Amino acid sequence: MRQEEVKILEHKYFAPYFFKLTLQSKEISQSAAPGQFVNVRVTNGTNPLLRRPISIHRINRQTETFELLYEVVGKGTKLLSQKKQGETISVLGPLGKGFSTDQNKKTAILVGGGMGIAPLFALAEDLIKKSIDVNVLIGAKSKKLIICESELNALGIKLQTATEDGSCGTKGLVSDILQAFIEGLADKKSSSIFACGPKAMLKTISEIASKKNIACQLSLEAYIACGIGACKGCAVETTNGYKLVCKDGPVFDAKEICSYNAAYSAATLSGL
């Protein structure tokens, strides 16, 4: 982890409300892993005071660059969207614990809900290099909120989409197509699920993985302030006590997260 002023090589409008930053940093590009994030200072002033946590979307060790894909949702990200090519921004990172990949797993199922697809792109590229069969499932409310579809197709992976209004892919939730995909798997034991998205989606995916006995890692979304575990503001209850999303995560084994663990919830209720 380091704090540095990094140069903006490219900053472009990516999709409605979405922007992509390409940043130059030898140190971060060489040490970052899929699933980690950086904390970005969006202004040189004090309003807003706190940095903004943004997951690392893509890592290029050869060009010593990394990319951030973010959505404009408030004052901080709006200010960030106004930054120009050639400017520098203060970045702290890479932070947190990323995804763990098992060479013995032959099939990877990446599930992204909305902006949750952002950190999964770097993971997809990493898994492809390890000759693992990569399948990506994307869910969103509508077609205009489906992002990275063409970029993922360019990787040559298998891709399915689901939208709540039926404007792209299957009509319904991404968990619906996950369920159908798993039913068609010949070897569930050699498969792994990697997911990032809204809490309700992650809970459903965790339950599906548990019932089918499939390894599952979740990248949690949380309000992160310091990003280094000092403020304790992003604590989440796990089967091993409270842990911090910014430091111990954002990636956790699905079985660890109490609110997503049906067995833990049942045991807790029985003890009331």
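Including glycine, each Cβ sits where the backbone N, Cα and C put it.
Please treat TrEMBL annotations as automatic predictions, because they have not gone through curation.
[2Fe-2S] cluster binding, as stated in TrEMBL, involves Cys226, Cys231, Cys234; the candidate among Cys216, Cys246 given for that site is Cys246. Of all the binding-site residues listed here (Cys226, Cys231, Cys234, Cys246), Cys246 has the Cα closest to the Cα of Ser55 (FAD binding site). The two recorded residues, Cys246 ([2Fe-2S] cluster binding site) and Thr77 (FAD binding site), show a Cα separation of 19 Å. Candidate binding-site residues: Cys226, Cys231, Cys234. Nearest to Gly76 (FAD binding site) by Cα distance: Cys226. The Cβ neighbour count for Cys231 ([2Fe-2S] cluster binding site), using a 10 Å radius and every protein chain shown, is 14.
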